[in-house]
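Record features, source Swiss-Prot:
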type     : residues                                                             : note
BINDING  : 12-18, 40-42, R304, 330-332, 412-414                                 : GTP binding site
BINDING  : D13, G40                                                             : Mg(2+) binding site
BINDING  : D13, E14, G15, K16, N38, A39, G40, H41, T129, R143, Q223, T238, R302 : IMP binding site
ACT_SITE : D13                                                                  : active site, proton acceptor
ACT_SITE : H41                                                                  : active site, proton donor
BINDING  : V298, V299, T300, G301, R302, K303, R304                             : substrate binding site
Amino acid sequence: MANVVVVGTQWGDEGKGKIVDWLSERADIVVRYQGGHNAGHTLVIDGVSYKLSLLPSGLVRGKLSIIGNGVVVDPHHFVAELKKLCDQGVKITPEILRIAENAPLILSLHRDLDAIRESGLSGLKIGTTKRGIGPAYEDKVGRRAIRVMDLAEKDTLMAKIERLLRHHNALRRGMGVAEIDSQALYDELMQVADKILPFMDCTWRLLDEGYREGKHILFEGAQGALLDNDFGTYPYVTSSNTVAGQACTGSGMGPGVIHYVLGIAKAYTTRVGEGPFPTEQINDIGEFLGTRGHEFGVVTGRKRRCGWFDAVLVRQMVAICGVQGIALTKLDVLDGLDEIKICIGYELDGRKIDYLPSSMGAQARVKPIYETLEGWKAKTAHTLRWEDLPVQAVKYIRYIEELINTKVALLSTSPEREDTILITDPFAN
């Protein structure tokens, strides 16, 4: 028995969807433990693309899939995404999909607040998806959130709504926005209550039972560790913890049940939205990586910023997340380049450093120190065996391993799940 956490080690979009899908075939249970529907991923199965942003990837494989308490759930999006998958022929029932009863809900007022803030009326622009994720987490921490279980308790729901609106209507008055009527919000929730409640469960008990029965549990992270609210490029981060440790608090399982942490990293670096990006290439290389790698957001369609592989950042996240192996993705995007650069350190105010400081000012001032490697002309795309990789590609991978202090466990050579070279099976530990 082994339970595996999958975590992105960059700013998200590392290719977690494909890797989770590949691993879910070996898993019995797949659980989402943080985030909301702000981070999407695409699964390609038998030539069919499935785009997910809230539902666990295991659903497409018919595995028991759980949305944990660490996830904020937009009930309207939940219903829409469920319908879209069902329309594609995926059979989804309450027997294979469960939602934590204590998961907070994203409401229309959260989306309103997110959009107003991001429009620039309130100062710093973070680059959010405007889907209400941050405001929903604020209400969770502020102990005023409406949770899934509240939909089943209609006799107390109105009182909880009124308490929530005392806070939000005060904000809306200050921003010059019309207040929300409590009955209107109650009616909004009642429209979806019957569609979401059949999936509600005490999910920590389900997971505990599965663990005691010796089932393989796969913890599916969203976004990337560099967007973590504590350890990311603050304030240009998300509103939840995205590091591997969140798998425990976001699911209701203790750290002793985790046996392997698999980090996901692209063979180069991308970022969506605002914030520091030391190795960003605003030039032909950046355009090449973006075009070859199809670097556009699944959820927003926004063009991703692109740059060279930053070993400093990945090594930092490997340490913070306790990563035991890396799944390296999109190696094939680098095919054909004459030379490839890797960031091996930074220069900050005239001195060399080997980590990214927490200070917003320092993060903006660091300059990357590069080492240049010879590229390769032969294709790595669709390669299925390690020994068939170009020599220079192998050297590139080995150097990355040396720099980030962990080994490559899986190598992805195309979006197709079959194009995966297994070096170390995370579930074998």
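Glycine too: its Cβ is placed from the backbone N, Cα and C atoms.
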(message) Applying a 10 Å Cβ distance cut-off over all chains shown, what neighbour count does K18 (GTP binding site) have?
(response) 27
(message) Among all protein chains shown, how many Cβ atoms are found within 10 Å of the Cβ of G40 (Mg(2+) binding site), not counting that one?
(response) 20
(request) Counting other Cβ atoms within 10 Å, pick out the least crowded of the binding-site residues N38, T42, T129, Q223, T413. (result) T42
(message) Spatial neighbours of K18 (GTP binding site) among the binding-site residues N38, G40, R302, K303, R304, defined as Cα within 10 A: which are they?
(response) none
(request) Provide the number of Cβ atoms within 10 Å of the Cβ of G15 (GTP binding site), excluding the reference atom itself. (result) 21
(request) Report, as a single number, how many Cβ atoms besides its own are within 10 Å of the Cβ of G12 (GTP binding site). (result) 27
(request) Report the member of H41, R302, K303, R304 (the recorded positions) whose C-beta atom has the most other C-beta atoms within 10 angstroms. (result) H41
(request) Given the binding-site residues T129, R302, R304, state which is nearest to T413 (GTP binding site) when distance is taken between Cα atoms. (result) R304
(request) Pick out which of the binding-site residues G301, L331 has the most other Cβ atoms within 10 Å of its own Cβ. (result) L331
